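Below is one structure, written out as structure tokens, with a few remarks after it.
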Ligand SMILES: Nc1ncnc2c1ncn2[C@@H]1O[C@H](COP(=O)(O)OP(=O)(O)OP(=O)(O)O)[C@@H](O)[C@H]1O
């Protein structure tokens, strides 16, 4: 007696053998969980290889905030390092800006990630480096331009942490959506030098600390340059990764927020056009 296999309802566009459970925002493909993991991870691997981001033996610090992007970055980089034998020595580097009720909680997530992924962690605080926490700064100057101060301090703090860790390279979880926002902000501000630099996947600009001392020539890169935020969220959700998802308490008035809303509105219009044309 021959038995015929029951046809799969809504099969995955790639393997055809499992049921599709999601529609990929980047391509519109309907995929099963395993095929989504495979294409997501392979695209990041291809980005790393095509752009020659690392050399074998590099010691690489992952800028870890406990948020979805850097949590997925730590998880995927560890996985790819093992799968493709990149030969990287990975460490987590977190900056504690000193924001009560926000960063203290997200750092607890990073500490759990350190144990879950078995990657060592260094936490460097603004208070130790500069004598001021963000809470102190906000008390002094109020709620204006907080993100601008914080961004400059964080960049330097990451460099200082990287020197303490003796790393060659810092990777951050900036994704395709973050980069689109930055492009728009630089256009609106008319900041041509930054507009030129902000889409580079890898940079090695020299930075100076508050006293004007050259701190580093450490490479920085964004392995998620081509990765959509929605796909990072989907990946974290299906893999049940442990991440912290609260907005910074000092950021509601940030300029970036306006760029983000504008781009989300444009995206919604574009998606509607795709459906209705
Ligand atoms: N406090 C921090 N310590 C270390 N790295 C950080 C910190 N804050 C941000 N970063 C790095 O910069 C990237 C972009 O930060 P941003 O503030 O835009 O957060 P985000 O887009 O919410 O990302 P995430 O989801 O990882 O928090 C992060 O993915 C992370 O790699």
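For all residues, glycine too, the Cβ spot is worked out from N, Cα and C.
Whatever TrEMBL says is automated annotation, not expert-curated.
According to TrEMBL, the protein has these features:
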| type | residues | note |
| --- | --- | --- |
| BINDING | 63, 64, 65, 69, 95, 173, 178 | ATP binding site |
| DOMAIN | 60-248 | domain 'tRNA(Ile)-lysidine/2-thiocytidine synthase N-terminal' |
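All features noted in TrEMBL, drawn onto the structure.
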{"residue": "63", "record": "ATP binding site", "DSSP class": "strand"}
{"residue": "69", "record": "ATP binding site", "DSSP class": "helix"}
{"residue": "95", "record": "ATP binding site", "DSSP class": "strand"}
{"residue": "173", "record": "ATP binding site", "DSSP class": "coil"}
{"residue": "178", "record": "ATP binding site", "DSSP class": "helix"}
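In this structure, the binding-site residues under consideration are 69, 178, and the one with the smallest number of other Cβ atoms within 10 Å of its Cβ is 178.
In this record, ATP is bound by 63, 64, 65, 69, 95, 173, 178; the longest C-alpha to C-alpha distance in that set is 19 Å. Here the binding-site residues are 64, 95, and the one ringed by the most other CB atoms within 10 angstroms is 64. The Cβ of residue 63 (ATP binding site) lies under 8 Å from the Cβ of 70, 93, 94, 95, 158, 170, 171, 172, 173, each on the same chain and at least six residues away in sequence. Taking a C-beta cut-off of under 8 angstroms and a sequence separation of 6 or more, residue 65 (ATP binding site) has the following same-chain neighbours: 94, 95, 106, 110, 173, 244.
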